[in-house]
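Worksheet: one structure, shown below.
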Amino acid sequence: MEKRDCSAEEFFVQRKVLDELHLDEVAQKGTWSTKPTLGEQMKESLRCSVPRLKRAVLSWVPVLSWLPHYSFRENAIGDLISGCSVGIMHLPQGMAYALLASLRPVYGLYTSLFPVLVYFIFGTSRHISIGTFAVISIMIGSVTEKLGPDSNFMGNGTNGTVDYDRRDAFRVQVACSLTVLTGIFQILLGVVRFGFVVTYLSEPLVRGYTTGSACHVCISQLKYLFGVKPARFTGPLSLIYVIAATIITHFCGLTSKYSIDVVGEIPSGLKAPQAPDVTLFSDVIGDAFAVAIVGYAINISLGKTFGLKYGYKVDSNQELVALGLSNTVGGFFQCYSVTSSLSRSLVQESTGGKTQVAGVISSVIVLITILKIGSLFEDLPKAVLSTIVFVNLKGMFKQFMDVPTLWKTNKVDLLVWLVTFASTILLNLDLGLAVSIVFSILTVIFRTQLPRYSILGHVSGTDLYLDTDTYKEAKEIPGIKIFRSSTTIYYTNAEMYLEALQEKSGIEIGKLLTQKKKRDAKLKRTQEKEKKKAKKEAKKQNKAISHLSNGTFSNESEMNERRVSAGQKRQSQGNGVESLTETPTNGRVNWAYQHDVTVSDSDSDTGGHINTQASHSGDEEKATHSIILDISTTSFVDTVAVKTMKNIFRDFGEIELDVYLAGCQACVVEQLETAGFFSESIPKSRLFVTVHDAVLHILHKLGRGDCLLDLSCTTQM
């Protein structure tokens, strides 16, 4: 209930109502208590939502958060020098990488201009340089050549020349449509907070993929470097066919003399924005998604590196949006897909760049080139641009040194690197990426399906429990088996978990249950047989009594035989009880392996007994009576895992082995509760925070104080 000051008119109206309701004491206070009106509620919600709206705007448009506080004294000179240096790099790289995209060099200059300005507004990294990149350019080029091959643009004349103007115009449409669709994918992924998708691209995968892409780039530039025009091939094994055709052409003398190929006309001025051809979306949708993922992976890896180095946060989801907007807007201005470049980013950082103002300055350099001095580059040989590409590939080819390093450190990652590299070389960039991702995910699945299972032992004088096969200091606690899996227990490895538990603990649960059922069945048959005999004997005794009451007596020999028979019967029954109730002096017998009619299946924690197994020798003190399942590595459980756990508790409980859980994370406990895991047969008293707590509980329950003192000495210090 809120209180507000009321006007004079409202007050007298309200006063009249109060008088009628005999509430004069409230009216004399001069205030009126009411529920807030709809307008007041809207005003209050608006007042509360203004800070929230401000935070949202600043998160979506990061430039508004740092540009008003830009320090000219600290940053201006460094950003100016850095921007000029990066701008000069944009010119040759932009034109050279445009050739990789099978576009005219001027479109590389456009790509170095518009997307950089968009990223300045929406990006969160201060040091990366957005623009053309070799890997993305070659991915674009594979699509433009696939959809716009030379054979589709042959002239009508008898000489069969290619209409290059019409071909290049169509390839620009393909590149722009692909770029816009790539940007849309990135924006959508960023809006739904799907930035974590890049985590499925491991570092070995990315490095193997970029190395394979560098080989594609290298091969594609040979035609400019040597002035040859080999036949174009696309699809799987296209790299091999290019190479083979060039060798045959050279050694067969199919070419004689080549003129030097130059950049050609660079039109002055900027072109008006143009909508992409949406009819091409269906043809490039798969390639667009691949470009979106690869471009983002390269961008966020560089951004995170610089952010960690200089202590600022790079928002992965906002980077997706920023990169998507850069591509989408750039696609309307005849740009192709962009990402950050390692070489330019290192120059931007090393020359003193501290903010994205350096990117704006580099864009000014590119703009001046397009408007005024672009004609100076028209006679630049394409072989020079190819040389620039080769020089920039030096860092990627250095990644071949990953092979010996991974061989020493992690052979699974080495396998991912090699498969990625080989698939990228042989299956082209799009199929190579798909195969690489699938193979990388399969390695994760196989690792979870083939974990390491171990029996833990106690390290004397500590509360540590380590693998007994790895650490000699770890010794098993007599009667207690501590079992651990190295990974999460779920449906793909739940059955193997149960098998490994039986193998490591030496308890063949199926065999023991079968033996127990056979003994129980045999005992039941014996009891039924004895019961029938007892009934028959009772009948005979009743008959004898009836004969005595009727005055009919048998001879003395029959009476003696009856006495002897009854005595033998009582003696045999007495011996049977002794054999069933005979217990050793130490501990309590595990009745799962004894002929006993009173087998206890209680799960309570009272009793303090030690169970033994028939497979062990007569030393019950060392026989297994408790099993602790260390599931500290489990991060989630599914229905199959829960069912497997229930079966373990049930089956081991039937042979009187106590099972405990240790190291459960809070989320796992909640999932177990939701799945109905805990019950009267599996109480929560079987759940412990650590393995050490479970061990201390078991020893305390068994009354083994000497062992208890030895294990708990660390916690008592």
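Using N, Cα and C of the backbone, Cβ positions are placed for all residues, glycine too.
Per TrEMBL, transmembrane segment is recorded for 97-122 (among others).
The transmembrane segment annotation in TrEMBL covers 128-144 (among others).
Positions annotated as transmembrane segment by TrEMBL: 174-196 (among others).
Annotation source TrEMBL lists transmembrane segment at 238-260 (among others).
Sequence annotations record features per position, and here TrEMBL assigns transmembrane segment to 280-302 (among others).
Residues or ranges marked as transmembrane segment by TrEMBL: 357-377 (among others). Sequence-distant neighbours of the transmembrane segment (357-377) (same chain, 6+ residues past either end, Cβ-Cβ under 8 Å): 70, 75-76, 78-80, 82-84, 86-88, 90-91, 94-95, 105-106, 109-110, 112-113, 116-117, 119-120, 129-130, 263, 266-270, 348.
As annotated by TrEMBL, transmembrane segment applies to 414-446 (among others).
The feature domain 'STAS' is assigned by TrEMBL to 470-698. Per-residue pLDDT, averaged along the domain 'STAS' (470-698), amounts to 72 for this model.
Annotation source TrEMBL lists region 'Disordered' at 520-621.
DSSP places the residues of the compositional bias 'Basic residues' (532-542) in helix, strand and coil in these numbers: 11 helix, 0 strand, 0 coil. The feature compositional bias 'Basic residues' is assigned by TrEMBL to 532-542.
Positions annotated as compositional bias 'Polar residues' by TrEMBL: 547-557 (among others).
The compositional bias 'Polar residues' annotation in TrEMBL covers 568-588 (among others).
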